[in-house]
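Going by Swiss-Prot, these are the annotated features:
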- Cys341: active site, thioimidate intermediate (ACT_SITE)
- Arg443: active site, proton acceptor (ACT_SITE)
- Asp283, Asn289, Gly334, Val335, Gly336, Thr343, Glu458: NAD(+) binding site (BINDING)
- Ser339, Asp374, Gly375, Gly376, Gly397, Ser398, Tyr421, Arg422, Gly423, Met424, Gly425, Glu458: IMP binding site (BINDING)
- 129-185: domain 'CBS 1' (DOMAIN)
- 189-246: domain 'CBS 2' (DOMAIN)
Amino acid sequence: MSRGMSGLEDSSDLVVSPYVRMGGLTTDPVPTGGDDPHKVAMLGLTFDDVLLLPAASDVVPATADTSSQLTKKIRLKVPLVSSAMDTVTESRMAIAMARAGGMGVLHRNLPVAEQAGQVEMVKRSEAGMVTDPVTCRPDNTLAQVDALCARFRISGLPVVDDDGALVGIITNRDMRFEVDQSKQVAEVMTKAPLITAQEGVSASAALGLLRRNKIEKLPVVDGRGRLTGLITVKDFVKTEQHPLATKDSDGRLLVGAAVGVGGDAWVRAMMLVDAGVDVLVVDTAHAHNRLVLDMVGKLKSEVGDRVEVVGGNVATRSAAAALVDAGADAVKVGVGPGSICTTRVVAGVGAPQITAILEAVAACRPAGVPVIADGGLQYSGDIAKALAAGASTAMLGSLLAGTAEAPGELIFVNGKQYKSYRGMGSLGAMRGRGGATSYSKDRYFADDALSEDKLVPEGIEGRVPFRGPLSSVIHQLTGGLRAAMGYTGSPTIEVLQQAQFVRITPAGLKESHPHDVAMTVEAPNYYAR
């Protein structure tokens with residue numbers, strides 16, 4: 001065996017330690033193994049890994065301001081958004097969420113026309129003045145009027161002629177005792193002249209006309225007698241009942257809707273815009289993709305002056321930065337944290353949600369782009385943690401799926417009530433409902449599957465306990481958030497975003513939950529997992 005002048009064996013015979021460079025200089029070992037210190041990017045933390053540290057406070061929870069930015073231009077009084085899932089958000093949920101101070105995002109697992117129709121239902125559900133009221137003609141039948149009233153959930157219609165002039169009004173009172181549904185509207189309606197208001201009437205003047213004349217509907221006409229709007233007493237009542245309601249400049253409820261990137265995505269988006277949607281959510285499982293970035297950019301350039309555009313979902317700083325560069329008005333964060341999502345075990349991909357939010361915020365905050373935390377939220381405290389990590393709003397799925405307003409099927413099991421809840425990557429969602437076509441496959445870039453048995457699901461189907469009306473659930477969730485703001489001395493969400501965390505151990509998590517006792521009475525905001 002040959003030796004060099006140093007007395008060491010030839011270098012070809014050396015077994016080199018992974019912690020020693022060839023030049024003889026030692027290097028620190030890589031804690032996770034291997035020789036690349038960047039192979040494991042960082043420690044990933046989620047909601048159960050941290051707690052918010054209490055701080056000096058003069059904040060009373062009841063006085064805390066929970067308003068926060070959903071997008072660059074839209075601010076919600078309650079920082080909660082319902083998820084675009086077919087067992088969570090359709091028009092009924094979207095209406096209830098907006099009335100509670102949040103907003104609903106309509107799912108896209110239905111035909112384009114139906115989704116656009118749901119947008120119209122939300123926008124028509126209440127308004128300071130309906131600027132394009134549903135109308136009928138004198139020669140329409142009572143059956144046709146009844147169908148229109150049922151579709152839009154209204155109790156009467158103005159009657160106009162071919163020139164748009166108001167000639168009468170027909171309400172439930174006119175039709176209630178009519179047996180012959182083939183009768184024409186002209187035979188039954190209350191004919192002009194009617195109590196009307198002129199264009200530009202103030203809210204107080206309109207309310208005065210309604211009160212003095214003891215009527216529920218006040219048509220608004222121009223100088224030529226043509227119908228230009230409709231004011232109803234119900235809208236004044238709803239304003240009093242829901243003071244936190246999220247509304248546009250015309251007094252209509254705000255609503256969002258999900259779109260994809262393949263197939264009919266562009267046609268769908270344009271129909272939704274025409275229907276009056278306020279926010280378009282380009283909703284995919286992986287938004288750090290050229291198709292998604294191009295869709296966000298195209299929507300911003302084509303209709304960005306009419307709607308806000310949200311991009312998602314992402315879990316890294318670079319992905320969030322890419323959406324910001326594409327022009328997104330908000331970035332939605334969450335790859336695999338949802339209770340019904342299996343992406344992290346099927347694909348092995350994702351990032352724990354607290355870390356994902358922190359990373360996305362690092363890219364979005366300098367650009368003034370809000371972050372939406374989507375998924376993994378099980379308790380009201382998780383919402384507070386998500387916002388403290390830098391998110392501006394939280395998107396909820398399982399927490400709302402059990403409410404009366406959710407479209408999931410009501411199920412009875414051993415005398416207890418549940419509602420169905422499934423991931424949009426589940427086989428059921430990608431196969432459609434009741435044999436109907438599925439429009440959610442492209443969310444997981446699976447729209448090219450040749451047959452349904454070739455689908456690779458990234459979600460499951462399940463059930464959640466029935467929770468009653470949405471208003472009660474939102475009250476508990478916002479109550480928990482307000483409590484967190486009190487503990488941390490945060491009068492606003494923006495201050496809460498500066499709160500500090502403490503990392504906890506599994507023993508700390510066990511200590512955080514009720515322990516060493518048998519629960520005898522369930523609390524409305526806590527349940528054992």
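Backbone N, Cα and C define each Cβ position, glycine as well.
Swiss-Prot feature annotations superimposed on the structure.
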residue: Gly334; record: NAD(+) binding site; contacts (Cβ under 8 Å, 6+ apart): Gly312, Asn313, Ala315, Gln353, Ala356, Ala373, Asp374, Gly375, Gly376, Met395
residue: Gly336; record: NAD(+) binding site; contacts (Cβ under 8 Å, 6+ apart): Ala315, Thr342, Thr343, Arg344, Val349, Gly350, Gly375
residue: Cys341; record: active site, thioimidate intermediate; contacts (Cβ under 8 Å, 6+ apart): Gly375, Gly423, Gly425, Glu458, Gly459
residue: Gly397; record: IMP binding site; contacts (Cβ under 8 Å, 6+ apart): Ser82, Ser83, Met85, Val88, Gly338, Ser339, Ile340, Gly375, Tyr421
residue: Arg443; record: active site, proton acceptor; contacts (Cβ under 8 Å, 6+ apart): Gly260, Asp283, Thr284, Ala285, Met424, Gly425
Site diameter for IMP, Å, by largest Cα distance between Ser339, Asp374, Gly375, Gly376, Gly397, Ser398, Tyr421, Arg422, Gly423, Met424, Gly425, Glu458: 16
Within the domain 'CBS 2' (189-246), residues counted as helix, strand or coil by DSSP: 20 helix, 16 strand, 22 coil
Binding residues Asp283, Asn289, Gly334, Val335, Gly336, Thr343, Glu458 (NAD(+)) - maximum C-alpha distance in whole Å: 18
Helix-strand-coil residue split for the domain 'CBS 1' (129-185), DSSP-based: 16 helix, 16 strand, 25 coil
Residues that sit under 8 angstroms from Val335 (NAD(+) binding site) by C-beta distance, when 6+ apart in the chain: Ala285, His286, Asn313, Val314, Ala315, Thr343, Arg344, Val349, Gly350, Ala351, Ala356
Binding-site residues compared (Asn289, Ser339, Thr343) - highest count of Cβ atoms within 10 Å: Thr343
DSSP-derived class (H/G/I helix, E/B strand, else coil) of Asn289 (NAD(+) binding site): coil
Packing count at Gly423 (IMP binding site) (other Cβ atoms within 10 Å of its Cβ): 26
DSSP three-state assignment (helix, strand or coil) for Thr343 (NAD(+) binding site): helix
